[in-house]
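According to TrEMBL, the feature signal peptide maps to 1-21. What TrEMBL records for Thr215 is active site, nucleophile. If you look up TrEMBL, you'll see Arg243, Val244, Gly245, Asp246, Thr266, Gly267, Asp268, Gly269 marked as substrate binding site.
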Amino acid sequence: MDRKHLLIISLLLLVLQDTTGLESQGQAYPLVVATWPFKDAVRAAWRSVHERGSSAVDAVIDGCSACEELRCDGTVGPGGSPDENGETTLDALIMNGTTMEVGAVAGMRFVKDGIKAAKLVMDHTEHTLLVGEMASIFAILMGLPGPTNLSSSESIEKWTNWKRNQCQPNFRRNVFPENSCGPYHLRGEKLNSCREAEGKLKLHSNLVGQHNHDTISMAVIDKWGRIAVGTSTNGATFKIPGRVGDGPIAGSSSYADDEVGAFGATGDGDVMMRFLPCYQVVESMRQGMEPQRAASDAISRIARKFPTFVGAVVAVNRNGVHAGACHGWTFQYSVMNSTLDDVEIITVVP
């Protein structure tokens, strides 16, 4: 047997190994992967991409929209996570991994369809991100329902109880007064309203625990192998009004590139967005890392600088191989493909 035939046989064996590896994890196009056990959202995306033959982008929109309508865990869509003023605002992002186009909204008020508003930004503007009331006006003028009160009886009750507890815990630090609802000032300012109180109170670090804000980040690979990702959240509970987390930031909450794969994140967005973990993972996979190693590497980079942070990531390469990693909590993500009878929940431990 000459060298040419040996080379052909070797290449065939390599292809067979790759195929066997994919079958062992049960991957085939199309594929839906999402943070957390948001089964109904994943089913909606699956019906879209599998049964109706929708594109990856449209399937992400359908899946995230379902989560917004269902108010997944009270942390996606309207009716949850009030800010310091008791108001619910929305952040969302959609990214097309084929064209690398992105649309996003942040701090959006009065419009309940966050992910659809993000798609309008992507499809009908040259911009990437619109924020606040201007994002709301844009979305309404482009046909989305509104203005709508995004608060609910549950979110108002949560906010009322928080106010009764002297607005504790909160996201303020190095301010005075510490244990009340403000108004807040820099420490050391000798304002008439708090001059005497400064001398009586013992100042101490205001340590705030991790608040629940279980962002949905979803990745879809359609039957043509095209990849899209989306994120939707109503942010951190009792956040300072105007705060924007990682949700609408490409490369932070999610990222996609058809040539490589996709990635989604959830957790302490204020910390995670400083590291762009989703971009980091996709680039690590581009350099040859497997999804598991790339995900773990991204989490460890954050943990080295912020050892008490809470967060999780899920990665999927363009062949459909997926893996998750987390820090500070036990994380679960959802998977659906044609080899499964229903959505599979995968648990990841720190």
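Placed from the backbone N, Cα and C atoms, the Cβ positions cover glycine too.
Using a 10 Å radius centred on the Cβ of Asp246 (substrate binding site) and all shown protein chains, the other Cβ atoms total 32. Distance noted between the C-alpha atoms of Gly245 (substrate binding site) and Thr215 (active site, nucleophile) is 10 Å.
Residue density at Thr215 (active site, nucleophile): 30 other Cβ atoms are found within 10 A of its Cβ, drawing on all protein chains shown. A straight line from the CA of Val244 (substrate binding site) to the CA of the residue listed as 'active site, nucleophile' spans 13 Å. Most Cβ neighbours within 10 Å among the binding-site residues Gly245, Thr266: this distinction goes to Thr266.
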